[in-house]
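Grabbed the feature section from TrEMBL, which reads as follows:
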type   : residues : note
DOMAIN : 281-317  : domain 'EGF-like'
DOMAIN : 565-604  : domain 'EGF-like'
DOMAIN : 846-883  : domain 'EGF-like'
REPEAT : 61-103   : repeat 'LDL-receptor class B'
REPEAT : 104-146  : repeat 'LDL-receptor class B'
REPEAT : 147-190  : repeat 'LDL-receptor class B'
REPEAT : 362-404  : repeat 'LDL-receptor class B'
REPEAT : 405-447  : repeat 'LDL-receptor class B'
REPEAT : 492-534  : repeat 'LDL-receptor class B'
REPEAT : 627-669  : repeat 'LDL-receptor class B'
REPEAT : 670-712  : repeat 'LDL-receptor class B'
REPEAT : 713-756  : repeat 'LDL-receptor class B'
REPEAT : 757-798  : repeat 'LDL-receptor class B'
REPEAT : 931-973  : repeat 'LDL-receptor class B'
REPEAT : 974-1016 : repeat 'LDL-receptor class B'
C-alpha cells in the first residue's frame, strides 16, 4: 500500500504481510481490539482499575499493561487468559511501557519516581536505567534493531530524548515548542519518530536523530499514537475516540471508533510492528552475563539489577543497605554510583518499622505495627511468611541472634521484651517489669548481652543478658526520645540516636565514656546501623537516609565468629537455649505458660485453670471443655476454632456474616450460637458449622452479648439498639420474652451464674455491672463506676471483665462487687473474655439419645427438646425430619459465590451454595431435569455446571469466550444459549458443550441478558398464560414488560435502584427487585419441575 514498497525496497524488515492489522488499545477499565477499517471491536481484558500504557510481544503472544491506580505492571496472553503481575512494588505512576521483542526485556517510565527502568519480561532482574536529569518521563518507544530507546519528558523542560538501551549515549533530540509530549511511536520502515503534544494539539514527526521535524496534523487532545504502513492511528481524550490519517499529509482523517470510555495507549498488533530482522546482540547465552544483558547501538552491556555490584565485565554480587519505608522495604547498593533504591517484592506491607537481617539464612525480618505482626522473607522477596502475629500491640524493635537463630523484639504496646526461635516457635516473655515504651533492641551474641532503648516517662538505655539476667540501666541522663541502636563489634561501642536531643552518641558497652558524635544537627533520627567505616541513619522529618564517618574505625572487621554453647544438643535444654553473659554462657527457658523444672533444663505444662482474653479485631470468643477455643472475627467475617494450644485452626462459618459481636458454645449440646448486629439475627449451628439455622430475626436491633443455660434450655442476649434490653428465649428460639428494658444503655458483657441462679451484665453507658435473678427480677448494682466494660465472665466466686478505657482486666466478688482488683493492665484493644475450668464436669445432654429423635438439629427447651431444620427448610409434619432442600427457592450470584434464598420460610435468609472455584460469576441458570446449576465465569472465560451440593463441577465451554454476560438453559431440547459481550455473539450448544454454533453475530453491540421459551421456540418468554416478557433497565431504573412481539409495552415499577437481573415467581408475585433482596442476578427454582 505505498509506503512499504516506496520506502523499504532494500529493507529486510519491511516485507509486506498478508495478515490484517489490529489496533490494541487501553480503555482504562479494559483493553480492547479494533479493526481499523471495520470499526468492529472486541474485548480482550476487562474489570481493570486504570490501565494506561500497554505494549505486546507478538512472537510470545503476550500483552503487557500498566495500571496507575494499582501501581502495577501486568501481563496476559493475547487471548486474555493467564493474567499475572510482573512488577508490583516501587511504582508510583508508570505511564509508559515498551517491549524489546528481540532481547525479551520490559522497559517503563515512571513520572512519580522520575525514572526509566528495565527488567526481564517476568519482572526479575529489575534495574533503574536512567534517573538523572529526569522530571516526568511519559511515553517510551524502543528500536531494538538499532539498540535505541526513545522517551518523552513533560516536566518543567519538556523534551524528547534517546539513549542506547543500556542507558549509555543519552541525547536530547527535541526540546523546543513542546509542552505535553504524550504519545510516541517509531516508524521502523521510514526511520522516523512520531509524537503527539496534547497542549499544542498537534502530531509531529522527525528523523530518528530529531532532524527534519515537521507538524503533520492539528487535533483536539491527542494522547497516544501508533503507525502502520501509510496511516497514523491515535487516541483522543477530548473526543474519546480512535482516529486515523495519512502519515505523510495528515489528510484522509477518519474516526475508527468513538464513544469510548477513556482511550489511553494504542498499538498496532501486527508482525510488521515487531520486525524479526534484527540481530539478538546477547545471543543464546545471555551474552555470558550473570544477570542483565542490555543492547546498545554496537554490541551489548552486562548490567546488574539495582542493589547489586558489578565485580567484572560479566558478573554481579549483592551487598546493600536495607531500610523500611512503612509500606515497603527497600535496599540500596553500597557499590553502585546511582545509590538508587530497589523495592523488595513483598506482599501486604502496611506499616513496617523495625527490621533486621539474618546473613546465615539470607532472611529479612520486619515488624508491621498495622497488622501487629513479625514477618520474614528471603532477600529477593520469596518464601514470605508471618512469624508472629498474636498478642502484639506495637512491635517497634527487632534483633536477630545469628548464633543461636533466635528472634528478639520489643513491644511498646504491651511493654514487653520477648524472644522466640527464628520461625516464631517457643515464644516466651523475657522482661515485662519496669518497662515503659521500649523501642529499639540490639543483641551482642559475642558478650551474651542485649541492649534496648526505653522512651517512656524516664527515658533510658538498658542492658541485660540475652536470657534477661543481670539487667542494669547504662544510660539514664540527657535522653529524650532514644530511638535507634547499633553495635560496632570492632570498637566495642554502642551507638544510639535521640530524636528529642537531635543527636547521635556512642559509649562503651557499660555506658561509660559517653560521647556525642553528631550534635544538634539532626531533624528526627530514627533507625541506625554501622557498616565498615560508616554510620547510617534514617530521618523522619527530612525523609532521608544519611551517613557519616564513625571516626573511630578505618576498616572494620566482619562480624566475629562466636562459639555457640547451644549448638550441642540445644545446650541440654528441652525448649529454648538462650545466650547469657560469662561465666554462665547460656541458660534454658520455656515458652510462655510453661514452667521450668528444678533441673533448670526441662519444661512442664502449667495450670489447669486460667482466664483468656481476646484483643484487637477478634470480637467474641468462647472456650469450653471440648478443648477448643471458638472466636468470631468481624474484619474477616468468619467464625473459627482451634485447639487451646493454637493448633488445628479452621474456619467453621465463613459466609453470610457481617458483625458477629456475640458468641456462645453449648459444649453439652454440641452447638454454637451467635448474634450478628449487621444482619440483626441470632443463629445456631453444629460445632463444625453444619446445619446452620436462623433462630431469631424479628424485632432485633443490634443484638450483642449472648449466654446459654443448657440445663434450663434458655438463651439470654443483650440488645443495645434504640430501645436497649435484655431478652431470653428457649434455645430453639421459642418462648421469647423481654426480661429487662429500662435503665440500660450499652449492655455489653453477659454471663449466667448457674450456681447462684443469677444473670450478670456490664453496661458501658451506665458504667455499671449489674445482676438479677434468671427472670430479670431482684435487679441490683454490683460494681460502679466502671469506665467502659466490654466482656464479662465468671469463675468460682469472682466476676472478671475487660475495660476498654483503662485497658485492663478487672476482678470483683460476684455477689457483692467488693474487693475489685486489676488482674492485668496496659492491654489496648481488649475485647471479650472467658474463663476456662477444665475440672468442671459437663452437664447432661438432653439430645444425647438418638439426637432427640431428630434427623437434623436437636435444640433444648425448658421442658425438653425440639427438632429443627437448617435455614430455609420446613420441618415435616412428623415434627422430627427435614427435606434436604427447600421446595421453592431463588438462586443468585454475587460474583464470588452462589447463594440460595428459600421461599418456603419467612426469614428470607441467603444460604451459601458450595460451588468451588468461583471468580466472577455473572450469569446462571438451573436445569431442573438433572438438578444442575449452569453458570458463566468471566474471569476464567468459561461456562461450567455443578450439582447444588458443589459436587460434579465441570467445564462445558472453555474456548472462544470473552465476556459471557447472559446464559439460558432449554430444559426441553437439552441445549444452552449464551450471549458474549466481548465477541458480540449469541451462541448455542448442547448442555455438555457439544455441537456449538453461532446463532447471531451481526448487528449486535454488547448483548447482555437472554431468556428462552422452549414451548414457543423463541428466545423470550414468560410462565404466565399471557405470554409476556419482562426486563430491567439499570439506566432508566425501572422494570418493564411487553408481549412476545415487543408490543403492549408497559412500565411495571419505577424507580428501582439499578436493577441488574430478574426472575419470575409464580403468581401473584411477578418480579423480585434488587432493592428488596439485593440479588445481583438470579433464577427461581421450584422442585421437582419447572
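Placed from the backbone N, Cα and C atoms, the Cβ positions cover glycine too.
Quick one: where do these features end up spatially?
Counting residue by residue with DSSP, the domain 'EGF-like' (281-317) contains 3 helix, 13 strand, 21 coil.
For the domain 'EGF-like' (565-604), the DSSP-based tally of helix, strand and coil residues reads 4 helix, 12 strand, 24 coil.
Confidence for the domain 'EGF-like' (846-883), expressed as mean pLDDT, is 91.
Long-range contacts of the repeat 'LDL-receptor class B' (104-146) within the same chain, counting only residues at least 6 positions beyond its ends with a Cβ under 8 Å from a Cβ of the stretch, are 13, 53, 57, 60, 62, 64, 66, 73, 75, 85-88, 90-98, 152-157, 163, 165-167, 170, 181-186, 188, 193, 195, 208, 224, 275, 277-279, 291-292, 294-295, 297, 303-306, 338, 340, 342, 345.
In the repeat 'LDL-receptor class B' (147-190), the DSSP tally of helix, strand and coil residues is 0 helix, 23 strand, 21 coil.
For the repeat 'LDL-receptor class B' (362-404), the number of residues in each DSSP class (helix H, G, I; strand E, B; coil) is 0 helix, 21 strand, 22 coil.
Broken down with DSSP, the repeat 'LDL-receptor class B' (405-447) shows 0 helix, 23 strand, 20 coil.
Here the repeat 'LDL-receptor class B' (627-669) has long-range neighbours at 390, 612, 614, 617-621, 675-679, 685, 687-689, 692, 703-708, 710-711, 715, 717-718, 731, 750, 832, 836, 842-847, 858-860, 897, 899, 909-912, meaning same-chain residues at least 6 beyond its ends whose C-beta is under 8 angstroms from one of its own.
Across the repeat 'LDL-receptor class B' (670-712), DSSP classifies residues as 0 helix, 23 strand, 20 coil.
Beyond the repeat 'LDL-receptor class B' (757-798), the same-chain residues lying 6 or more positions past its ends with a Cβ under 8 Å from any Cβ of the stretch are 609, 611, 613-614, 705, 707, 709, 712, 714, 716, 718, 726, 728, 739-740, 743-751, 804-806, 810-817, 820, 830-835, 837.
Counting residues 6+ beyond its ends, the repeat 'LDL-receptor class B' (931-973) has Cβ neighbours under 8 Å at 42-44, 46-47, 80-81, 885, 891, 893, 898, 900, 913-925, 979-983, 989, 991-993, 996, 1007-1012, 1014-1015, 1019, 1090 in the same chain.
Distant neighbours of the repeat 'LDL-receptor class B' (974-1016): 40, 42-44, 46, 923, 925, 927, 929-930, 932, 934, 936, 943, 945, 956-957, 960-968, 1022, 1027, 1029, 1031, 1044, 1061; these residues of the same chain sit at least 6 beyond its ends, with a Cβ under 8 Å from one of its Cβ atoms.
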With a Cβ cut-off under 8 Å, give me the same-chain residues at least six positions beyond the ends of the repeat 'LDL-receptor class B' (405-447) that come close to it.
354, 358, 360-361, 363, 365, 367, 374, 376, 386-388, 391-399, 453-458, 464, 466-468, 471, 482-487, 489, 494, 509, 527-528, 560, 562, 575-576, 578-579, 581-582, 589-592, 826-828
Is it possible to list how many residues within the repeat 'LDL-receptor class B' (757-798) are helical, extended or coil according to DSSP?
0 helix, 24 strand, 18 coil
Within the repeat 'LDL-receptor class B' (931-973), count helix residues (DSSP H, G, I), strand residues (E, B) and coil residues, in that order.
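Computed counts for the repeat 'LDL-receptor class B' (931-973) are 0 helix, 21 strand, 22 coil.
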Checking distant contacts: for the repeat 'LDL-receptor class B' (362-404), what same-chain residues at least six beyond its ends satisfy Cβ-Cβ under 8 A?
89, 318, 322, 324, 329, 331, 344-356, 410-414, 420, 422-424, 427, 438-443, 445, 450, 452-453, 466, 559, 562, 564, 566, 577-579, 615-616, 646, 828-829
